[in-house]
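Lifted from TrEMBL, the feature list:
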type	residues	note
TRANSMEM	6-39	transmembrane segment
TRANSMEM	46-67	transmembrane segment
TRANSMEM	87-110	transmembrane segment
TRANSMEM	131-156	transmembrane segment
TRANSMEM	168-187	transmembrane segment
TRANSMEM	228-246	transmembrane segment
TRANSMEM	258-281	transmembrane segment
TRANSMEM	293-312	transmembrane segment
TRANSMEM	332-352	transmembrane segment
TRANSMEM	364-389	transmembrane segment
TRANSMEM	409-430	transmembrane segment
């Protein structure tokens, strides 16, 4: 029977990868129906904590988006990039890293990608270099963000293992930063000179390349946008402060409740002080994207947790000791699963509780967490696909790098090198600050 269960899980994951988006969650629902009604598996616990945290954060971000707050953040990043074009290969990934860490979602970086392409092209830099680094960086940044769904899923578990929030941040933020620095360095070495690229020359002769840089439009109500951004950032600071100084303050409120309460209050403050219509919140693109992520996490994480949960005693006996002796294997499991599920949050909600139940130390879980960022393993993830579509120079069109063989694209090598270089740093910091 165990083989049938494994086949079911793998089959559903393959189906989910083919469907993509909300179909990932629906595939999980189909798998649950088969597992429960046909195989008699007891439904496992739903990842309710993660879902509620995502919902509250998306609510606040959607309200901020309706004030133009996200556009304001993009404009700040745009000024930095345009004022220092010579350093585009390193400022681009740094920009997307910071935006993602602060917002908890990579979708806030999409508008920046077009700016990166324009700046790179204007100074003769191959756009695929900074774009690739930027895309990889925003995926890695999810594992360094204090309010991302993946980090929330991880901390909900390690908090119960007695790990302070501040210690977690001392590990995941520097580890993520090391990863993006290495990724940026590798990406900057990929591909030949743009001006000598035959594809670029051909497209330029045909008039397919847009010349010049488009100036961004000023926000009509920039003061409201700024106010919304400041309110949101203040909420992030408040959450981090409440969790880091929990022993000093003396409260016993869990991370889930602090995040949810703070984000709901922040949303209300943005609505009241920034003239946001309540109806407009549910029409925001971030709200629809966030709702989709909830379905994804509920469906696939619930199915995987139910099937794997039925064999926890056997897994503990056979795999627990191996993973404790070779922590790098846990990072490999994180990497493969996040790539298969196309979701940091879904992978974290599935794997972190299982890893903890196997008796794996919190330091190992936190140290390996940066590997939960493998969305760049293919070039069809939204941020990667958008970067390719935004580039009119053809720097992604070479047969060597166009993804025709699934993994022959510029995103995979910087990502692998970045995470590979960061893992030793992550384990070292985790052992230093968290210990056994």
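Placement of Cβ uses the backbone N, Cα and C atoms for every residue, glycine included.
Spatially, the transmembrane segment (87-110) is adjacent to the transmembrane segment (168-187); three or more Cβ-Cβ distances between them are under 8 Å for residues at least 6 apart in sequence. Under 8 Å from some Cβ of the transmembrane segment (409-430) lie the Cβ atoms of residues 128-129, 132-133, 135-136, 139-140, 170-172, 174-176, 178-184, 186-187, 190-191, 327-328, 331, 335, 363-364, 366-371, 373-374, 376-379, 384, 396, 401-403, all in the same chain and six or more residues away from its ends. Between the transmembrane segment (258-281) and the transmembrane segment (46-67), the number of CB pairs under 8 angstroms, six or more residues apart, is three or more, so the stretches are in contact.
Contacts between the transmembrane segment (364-389) and the transmembrane segment (293-312): absent, as fewer than 3 C-beta pairs lie under 8 angstroms at sequence separation of six or more. Below 8 A, the CB atoms of the transmembrane segment (293-312) and the transmembrane segment (332-352) form 3+ pairs separated by six or more positions in the chain.
Same-chain neighbours of the transmembrane segment (46-67): 103-105, 108, 147, 149, 152-153, 156, 221, 224-225, 227-229, 231-232, 235, 256, 259-260, 263-264, 266-267, 270-271, 274-277, 280-282, 284-287, 289-291, 293-294, 297-298, 301-302, 305, 345, 348-350, counting only residues six or more beyond its ends whose CB sits under 8 Å from a CB of the stretch.
The stretch from 6-39, 131-156, 168-187, 332-352 with the most CB pairs below 8 A to the transmembrane segment (228-246) is 131-156. Here the transmembrane segment (332-352) has Cβ contacts under 8 Å with residues 13, 16-17, 20, 24, 47, 50, 54, 139, 142-143, 148-154, 157-158, 293, 296-297, 300-301, 304-305, 308, 323, 365, 368-369, 371-375, 377-378, 381, 419 of the same chain, all six or more residues outside its ends.
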